[in-house]
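Student: Have a look at the structure that comes next, please.
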Amino acid sequence: MCLLDSCTALLLLGCWMSGSAVRISDVTLVNPDPVVSPLTAPSLLCVSSDWSSGGSVLALGQEFPRPQGSVLALGQEFPHTEPRPHPAAATVTWSSRSHAFGAFYCQIRNSTGRKIYTYKMLQEAAFLPESLTITVNQGENINISYSRRLYSPEDTVIHKNGHFEHSSPKEDISDIIHYPVTNAKAESHAGIYAIRYISAAPSSAAITRLIVRSCRAGFWGPNCTESCPRCANGGVCDDTTGECVCPPGFRGHTCDIVCGEGRFGAGCKERCVDGVCRALVFCLRDPYGCSCASGWRGLSCNDACPDGYYGAGCTQKCVCAKGRCDRFRGCVCAGRHGSRCEEADSSPVISHLRDVEINTGVELSVNCSASGRPAPLHGDITLITANRTTIAAVDTHTLNDQSTSVFRVQQVRVSSAGRWRCQVNNTHMQVEDEFTVEVKVPPRPQNPPVLQGSGPRHLLLLLNTEPYSGDGPIATTTLLYRPASAHTWSSVTAHGPLVRLDNLYPMTQYLTQVQLSRPGPGGAGQAGPAATFSTQVLELPVGVKLSAVSQTALLLSWDIAPAEQHCTYEVSCLQAGAPGTLRTFQLPSNSSAMHLSDLKPRHKYQCTVRSSCGVGQNHPSASAWTLSDQLPPPPANISIWNISDTSAVLTWAVAEGESVSRAVIRFQQVEQAQYRQQVELPVQTQQLHMRFQLLGLRPNTGYQLQLWTVNNMGESAESPPVSLMTLPQQESSALFAAHGHLLLYAILGSAGMTCCTVLLAFCIVLQLKRNTLQRRIHSILREEPAVHFSSAPPPHRRSAVVSRSLVFPALQWSDIQFQDVLGEGNFGQVLKARIRKDGLRMDAAVKRMKDYASQDDHRDFAGELEVLCRLGPHKNIIHLLGACEHRGYLYLAIEFAPHGNLLDFLRKSRVLETDPAFAIAHRTASTLSSQQLLAFSADVARGMSYLSQKQFIHRDLAARNVLVGENFVAKIADFGLSRGQEVYVKKTMGRLPVRWMAIESLNYSVYTTNSDVWSYGVLLWEVVSLGGTPYCGMTCAELYEKLPLGFRLEKPLNCDDEVYELMQQCWREKPFERPSFSQILLSLGRMLEERKTYVNTTLYEKFTYAGIDCSAEEAG
């Protein structure tokens, strides 16, 4: 084992670029000193010819006389110097000769595959082998030969793989010792043979290895039945793979390609350091073994080949009809190549050169390809820059007669632009070809962004990107921003001239800059001039109320903050007059209420709500008493005033903090004690003084009054009686009493009876109408289509009826505050409302049916409620907030979409119609970018994919039925025509969206998910055309006639072919040939990632929008 104190250096290098792993066939183990001299430090070098072998590195180990692989596999990287002699290599150098003896190997690190072996002996060995390795075929006879260097009167012993094999008496030993092996077999004869004198140390032995192919000569394979190729120039057929293992200096399928002097490796890309390869032993994978480089021979490869011989170990004889014999190449003839001049030369031809556009400061990678006979070698192809600097290739790959060299230039500058040359040099000629390198400067805006609007939590900025310096086109626009007091920048990618920054801090200054990017790596330019803008002040919490819940609890509530106000709340509460009872609570931004518990009964508490955004402002507060734990006291300070002949005013005081909810007055005539009248009056929470006017009293009559109060614990004791004496009858009163008492009683009696009758009739009608509506909803929800085609269980197996299993979130009528009408049709209406749900206030869109809506309209409306309940939440489907029934009408509250429906949103983006000056100034036909339009389409596809997975059919998919919510997310809405089956056949004809309907729906009233895909294709056309009317100018009758004949919507002028191809796939006549929504989503996702302009919104000459025909849309 190579210990740390015996190794001066153990270095490992790997090429860390992406690529395939190193193969053992690409590895060469170089042994510079098989016989170790005391004068030199022994070493080994393992080289891989695969320079693109990312992550896989080489490891060296020892196998004989002791397996010591783990330490030799350790190492560190070479220092990165240019040029490196071998881009992927491992080397080891010993400081002690005693450890540099035995059999060593090289393999791929962490691999259990094949190894490449070499051997080292000490110079004091008494014998030397004829060669380090001997390769024979199965069944052949061979002599393992050694030469004696030192004489000793002792017997010799031969060990094989460390075990005794043979010994010779001293009398039989000559200067050349032969150990014969007959009928060689791999399993019994292959191995390491070491010879020494019997008394000598094992480390003084001479080593050679016998490699026995498992097949007879000329064959390979598991059964040795496959014929080997004719391996030329000393190549050996691999008995496992059938490949020719080529000697160093040759390559090709049959080793017929000559590399020349000083080259080695699988592709002849490696060069010896001195260019000569003298005194180096090259070892390859079995069954080749070890040999000298081409042109050299001997155990240490120090001897040149004699005349007439060439190749590795000088084993090949020149047979040259013409020309001369070169010991490195074989026969050398003018105009021909090959070891026997069997191939005619052809001039190299450079191909695949392309002009290059690159951004300044990035690395340029250029491939130069040249073909010829013989194919150019690594180093034959060079790159010459525009300023005549020559650059060497970092790697070369050769396939057949074509070689491709890879060049890399760090940090290209503008001065490097111009005509570059790819040059090929060989022994006979030089050819070159030119290409253009354009170096672009990334763009930088010249003006800062401009503020267009602001709020407490947002800024709306005009990017102001033109004019800019540098080169276009502009690929992406990024807005950089940070608080003025911070150091870290945030960024958002812009998809139009305006950018809205949300979730900002109120009353904060923000530093903003615009950064432009052009296509390609390094295309991001420097940020433009900075501008500082401030967000606005947030409004304080409003509607703060504190109310009693129990004797020990209060409820504090306030109106929920606007959507963009995300500040937290701090609530401080204390008992009145007791500062030591202060309690503080921290609440999140979506809070609008909190319960206070563990309080004292009959105590007053004060609470203040502070907003984290309203620093330095006065904050609202409220106070309330907890409910009482005892009966209330009777009213106090009772007084009577403003007495007349028929009336009087009664005032009294209510005790504070006693939770009094009602006050009761009982009064009677003094002379008629059996007739008593009683009045109950509600007491407001903070009301301490009360007033009541007694009317209809008798003149000149005495009355006795008593009062008491009621709270959560019960009634108080009665107050002491209070006397009242009315004044004598006035003259006008007497006259009226004499002549009008009877008439008054008749009028009052008749009016009372009439009111009672009307009230009773109204209650009966209301109850009947409510029962009728409930029965209608239940019957609608239970109604099933006439024909089903579904993989789900048949209808009679369904558990109960739909209406009984339907559970929807209920809203209270008192929790809905209507604000405005958002839209209405012939039979329905949508209103904007503010609702309270789960203690929180939020915006909502509330839908209701009009009085004269038909049975079908009510069925579709109730069906929409059922579909939304069964679908559940999804980010691309409008969310159901709740439902409410009031006076026999059903109200449906859904998520409020601030940007309206997609169709109107697209048409509003037609800026050439709404703001021509802006359109011309910014050369755009729409405020929406290609990315935004594709994002809308992807959102709808994602929602429809979820809908189809739930086995629901929409039946009315169109841009008008898609809403644009917060952050411009598209959400599918209007499920009034949806059904929960895979196939639905409509049994009646109603209003039909003909322009969006599939052929099978028009002809046979069949609706499936595939028909929804057709409708999606039309929706995609609407998005690309910015809200155009499908088949504008055509009637529905013409559509019925032309669609079955193959007529389809024309491609919009601003539409990419790939997007229109997706539309056409959706409009295929056979439903099963149309793509699924998941496939559509996959295609759109890929388009979004590529950031290509699939929908061109640039304003070009004679630009026209797709036509809009509202009357045609209403007709279908």
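Cβ coordinates come from backbone N, Cα and C, glycine included.
Take a look at what Swiss-Prot says about it:
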type     : residues      : note
DISULFID : Cys46-Cys106  : disulfide bond
DISULFID : Cys215-Cys224 : disulfide bond
DISULFID : Cys228-Cys237 : disulfide bond
DISULFID : Cys231-Cys244 : disulfide bond
DISULFID : Cys246-Cys255 : disulfide bond
DOMAIN   : 258-302       : domain 'EGF-like 2'
DISULFID : Cys259-Cys268 : disulfide bond
DISULFID : Cys272-Cys277 : disulfide bond
DISULFID : Cys283-Cys290 : disulfide bond
DISULFID : Cys305-Cys314 : disulfide bond
DISULFID : Cys318-Cys325 : disulfide bond
DISULFID : Cys320-Cys331 : disulfide bond
DOMAIN   : 348-438       : domain 'Ig-like C2-type 2'
DISULFID : Cys368-Cys422 : disulfide bond
DOMAIN   : 540-633       : domain 'Fibronectin type-III 2'
TOPO_DOM : 767-1116      : topological domain 'Cytoplasmic'
MOD_RES  : Tyr852        : phosphotyrosine
MOD_RES  : Tyr984        : phosphotyrosine
MOD_RES  : Tyr1094       : phosphotyrosine
MOD_RES  : Tyr1100       : phosphotyrosine
Student: Same chain only, please: residues at least 6 beyond the ends of the domain 'EGF-like 2' (258-302) with a C-beta under 8 Å from a C-beta of the stretch. Say none if there are none.
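Tutor: For the domain 'EGF-like 2' (258-302), the nonlocal Cβ contacts are 24-35, 47, 49-51, 85-86, 114, 116-119, 128-135, 209, 211, 213, 233-239, 245-251, 310-314, 327-330, 337-339, 374, 377-379, 395-398.
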Student: As a test of the contact definition, list every same-chain residue at least 6 positions from Cys224 (disulfide bond) whose Cβ is closer than 8 Å to its Cβ.
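Tutor: Non-local contacts for Cys224 (disulfide bond): Gln138, Ser214, Cys215, Arg216, Asp239.
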Student: Hey, what's the Cβ neighbour count for Cys255 (disulfide bond) at 10 Å?
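Tutor: 24, counting other Cβ atoms within 10 Å of Cys255 (disulfide bond).
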Student: If you draw a 10 Å sphere around the Cβ of Cys318 (disulfide bond), how many other Cβ atoms fall inside it, taking every protein chain shown into account?
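Tutor: Other Cβ atoms found within 10 Å: 21.
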Student: Using a Cβ-Cβ cut-off under 8 angstroms and a sequence gap of six or more, which residues of the chain neighbour Cys268 (disulfide bond)?
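Tutor: Sequence-distant Cβ neighbours: Gly249, Phe250, Arg251, Ile257, Cys259, Leu377, His378.
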Student: Average the pLDDT scores across the domain 'Ig-like C2-type 2' (348-438) and report the rounded value.
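Tutor: Across the residues of the domain 'Ig-like C2-type 2' (348-438) the model's pLDDT averages 86 on the 0 to 100 scale.
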Student: With DSSP helix as H/G/I and strand as E/B, how many residues of the domain 'Fibronectin type-III 2' (540-633) fall in helix, strand and coil?
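Tutor: So the domain 'Fibronectin type-III 2' (540-633) is made up of 0 helix, 42 strand, 52 coil.
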Student: Do any residues at least six apart in sequence from Cys228 (disulfide bond), in the same chain, have a Cβ closer than 8 Å to its Cβ, and if so which, in order?
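Tutor: Same-chain residues close to Cys228 (disulfide bond) (Cβ under 8 Å, separated by 6 or more) are Gly218, Phe219, Trp220, Cys237, Gly242, Cys244.
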Student: Using DSSP, what's the helix, strand and coil tally for the domain 'Ig-like C2-type 2' (348-438)?
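Tutor: DSSP composition of the domain 'Ig-like C2-type 2' (348-438): 3 helix, 55 strand, 33 coil.
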Student: Mind giving me a neighbour count for Cys320 (disulfide bond)? Other Cβ atoms within 10 Å of its Cβ, every protein chain shown.
Tutor: 16
Student: Based on Cβ atoms within 10 Å, give me the single least packed residue among the disulfide-bonded residues Cys215, Cys277, Cys325, Cys331, Cys368.
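Tutor: Among the disulfide-bonded residues Cys215, Cys277, Cys325, Cys331, Cys368, the sparsest Cβ neighbourhood within 10 Å belongs to Cys325.
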Student: Take the domain 'EGF-like 2' (258-302) and count its residues per DSSP category (helix H/G/I, strand E/B, coil), listing them in that order.
Tutor: 0 helix, 16 strand, 29 coil
Student: Can you give me the same-chain residues 6 or more apart in sequence from Cys272 (disulfide bond) with a CB-CB distance under 8 Å?
Tutor: Gly262, Arg263, Phe264, Leu280, Ala293
Student: Could you state the CA-to-CA distance between Cys46 (disulfide bond) and Cys305 (disulfide bond) to the nearest Å?
Tutor: 26
Student: Non-local Cβ contacts of Cys283 (disulfide bond) (under 8 Å, 6 or more apart, same chain)?
Tutor: Thr28, Leu29, Val30, Asn31, Ile116, Tyr117, Thr118, Leu132, Thr133, Gly289, Cys290
Student: When DSSP states are folded down to helix, strand and coil, where does Cys228 (disulfide bond) land?
Tutor: coil
Student: To the nearest whole angstrom, state the Cα distance for the pair Cys325 (disulfide bond) and Cys331 (disulfide bond).
Tutor: 5
Student: Closest to Tyr1094 (phosphotyrosine): which of the recorded positions Cys246, Tyr852, Tyr1100, going by Cα position?
Tutor: Tyr1100
Student: If you measure from the Cα of Cys246 (disulfide bond), which of the recorded positions Cys106, Cys231, Cys314, Cys320, Tyr852 is the nearest?
Tutor: Cys231
